[in-house]
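Report on the structure given below.
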Amino acid sequence: MRTYRYFLLLFWVGQPYPTFSTPLSKRTSGFPAKKRALELSGNSKNELNRSKRSWMWNQFFLLEEYTGSDYQYVGKLHSDQDRGDGSLKYILSGDGAGDLFIINENTGDIQATKRLDREEKPVYILRAQAINRRTGRPVEPESEFIIKIHDINDNEPIFTKDVYTATVPEMSDVGTFVVQVTATDADDPTYGNSAKVVYSILQGQPYFSVESETGIIKTALLNMDRENREQYQVVIQAKDMGGQMGGLSGTTTVNITLTDVNDNPPRFPQSTYQFKTPESSPPGTPIGRIKASDADVGENAAIEYSITDGEGLDMFDVITDQETQEGIITVKKFLDFEKKKVYTLKVEASNPHVEPRFLYLGPFKDSATVRIVVEDVDEPPVFRKLAYVLQIREDAQINTTIGSVTAQDPDAARNPVKYSVDRHTDMDRIFNIDSGNGSIFTSKLLDRETLLWHNITVIATEINNPKQSSRVPLYIKVLDVNDNAPEFAEFYETFVCEKAKADQLIQTLRAVDKDDPYSGHQFSFSLAPEAVSGSNFTIQDNKDNTAGILTRKNGYNRHEMSTYLLPVVISDNDYPVQSSTGTVTVRVCACDHHGNMQSCHAEALIHPTGLSTGALVAILLCIVILLVTVVLFAALRRQRKKEPLIISKEDIRDNIVSYNDEGGGEEDTQAFDIGTLRNPEAIEDNKLRRDIVPEALFLPRRTPTARDNTDVRDFINQRLKENDTDPTAPPYDSLATYAYEGTGSVADSLSSLESVTTDGDQDYDYLSDWGPRFKKLADMYGGVDSDKDS
């Protein structure tokens, strides 16, 4: 017989809130839904064995928000091996173990220590185990159980937004969707009605309604007009518990704006408008503004203006100001007070964007009458033509009348007009005008070949009001007269070969004429009468305004006659006939057998070895260039300045030569010989200066030898005077420094080096007589003497 051991999980009901337990199967995911089944297994063919059940564990339920003063009892754990002797110890682990949930390790009682909130955590998963208190080993395997928090209605519905904003077109049908509001409840939607939300409208009726289950707000009133009321504030309530008594609720505000639709036609505030404009207003001039009002806004309030009827339909225009939605009446054509003084127009205002569903409200346009009065102004004279074109022959005499212009005052007064020529357009005063009748006449002779067209301006001015004037262009064409003789088109100089044959063409002649006859030019060519007899050439007229020069004999000799001058008479065929004589130069030249010119100078046979003109010119040019080069070189030599050999980057007009040689002292006989200064004869006679560029070779001047007892200062002054008068000296001052102290000093040398080498004792009492500046020295050296005496 087999022995079975049982570990029991006992569930106790605690007060004042009950707990519930249900069997659970092995936990995989979610909550177990079925009771754990007995596991059957067999060791033999016909034997059924029952598997051992270690735990019997449950699912527990606790109510949230427990308000009692004691710990809330959850349940009890018990093992079938528990003998009640305290040998077993119960252990609890998992979510909240030891903090939210505690267990009595001896009895297995489980308690909740704090208030639980399902919205924070709805399920707690824990693990239980019984161990041997003495050995610490588990007597049962660890098993898992669940504590589920039961919901109570402790959360009110909350809307996703505190304030909603929505729009809906005006004049919308009933039931038109506006906006949907949404509220959420944190309570458990699977337990009771705590999370079941119902919507209702608290404010905003009868204009809007809300669906209780979905929160969709719709229009509830027909033909809501934006022009009457644009803004609406609706308050919506969301209540849980399905809207029953005792349920919690929350509210939100919905601001609804009616958007505009084109449901209002434009309307003129008045039926008639009147404006005035002077007759001088040019096209495009604004006369006045009209405006129709439209209760709509934005695009629905856009207005277009047009002239539909009236007497001034073609004289005026209307345009729309897009910013102000006004109609601007403008002048379309020039006005004339004398022709028409008043115009009447019919102006229409309409909406360009019309919604067909509102056409039943009537036509979306309106019209008004506009009366325009034309005012008279003093206008300038008006010419009968916009421009005048006149003609005159170029041989016309002075004061010949060309034509006339006419202008008159368009005003009713018909003021008299005077005429004048704008002299800026006729600077030479070739034309003039009669100020009374506008007749144009010449004041100078004309020449078509100089200027074909004359463009001048005539001014007409009112005599009573000189400010009123007008201008008109006048184009005068000068007609041609045959007053110019034809002449050669170019200067002709040709040649004839010495071996030319008779009737050989040597040159083709062409002519031009400044005149421009109507029928075109027709020139004739012939030899001058004085050259016809005995001429060696003939002229052949080609009858096409050209002619050819032909030889009259065989052979020419350039040594007998090298050049022929052939006078040719050119005549035109106009009236009166004009002719001129031109001379053609024909040179006799030597030619090859192809007739190509080789030489036309007879001197080439006489002086075959002579130089050509080009060679002579080249030789003369070389000589001139050579002479200019020599002259420039000599001038630069004279003007070249003397440059010092010693050039410093700090060179200025005064140059200081510094010798940075300190010397070796009095004992140094190798550094400088002062005897050289005392004996100028020691200087080499041919030794020159090295600080300037020598311009010419000057022998050094002999200077008298200085006496042995001459002071060095006198010697230097003498040398300075000599250098001032020396023409070879540089044109700037040169300072030479001589490190020579001189002889005969009263104090002798103050050097202590010399004192050390002196065998005898020195007397320094005289230092006290030199004054306060030498008092320190007197004290120093005087003290030394007193020390020696002591």
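Any Cβ shown, glycine's included, is placed from N, Cα and C.
No curator has checked TrEMBL annotations; they are predicted automatically.
Bear in mind that the values here come from a model prediction, so they are computed numbers and not experimental data.
Annotation source TrEMBL lists domain 'Cadherin' at 79-159 (among others).
The annotation domain 'Cadherin' is assigned in TrEMBL to 160-268 (among others).
Note on the region 'Disordered' (260-287): residues 169-171, 225-227, 293-298, 300, 303, 316, 328-337, 347, 349-351, 353-355, 358, 361-377, 379 of its chain, located 6 or more positions outside it, place their CB under 8 angstroms from a CB of the stretch. Taken from TrEMBL, the feature region 'Disordered' covers 260-287.
Sequence annotations record features per position, and here TrEMBL assigns domain 'Cadherin' to 269-383 (among others). Per DSSP, the secondary structure of the domain 'Cadherin' (269-383) breaks down as 10 helix, 54 strand, 51 coil.
The compositional bias 'Polar residues' annotation in TrEMBL covers 269-279.
Residues annotated as domain 'Cadherin' in TrEMBL: 384-488 (among others).
The feature domain 'Cadherin' is assigned by TrEMBL to 488-610 (among others).
Per TrEMBL, transmembrane segment is recorded for 615-636.
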How many of the residues that make up the domain 'Cadherin' (160-268) does DSSP mark as helix, as strand and as coil?
3 helix, 47 strand, 59 coil
Tally the residues of the domain 'Cadherin' (384-488) by DSSP class, grouping H, G and I as helix, E and B as strand, and everything else as coil.
0 helix, 47 strand, 58 coil
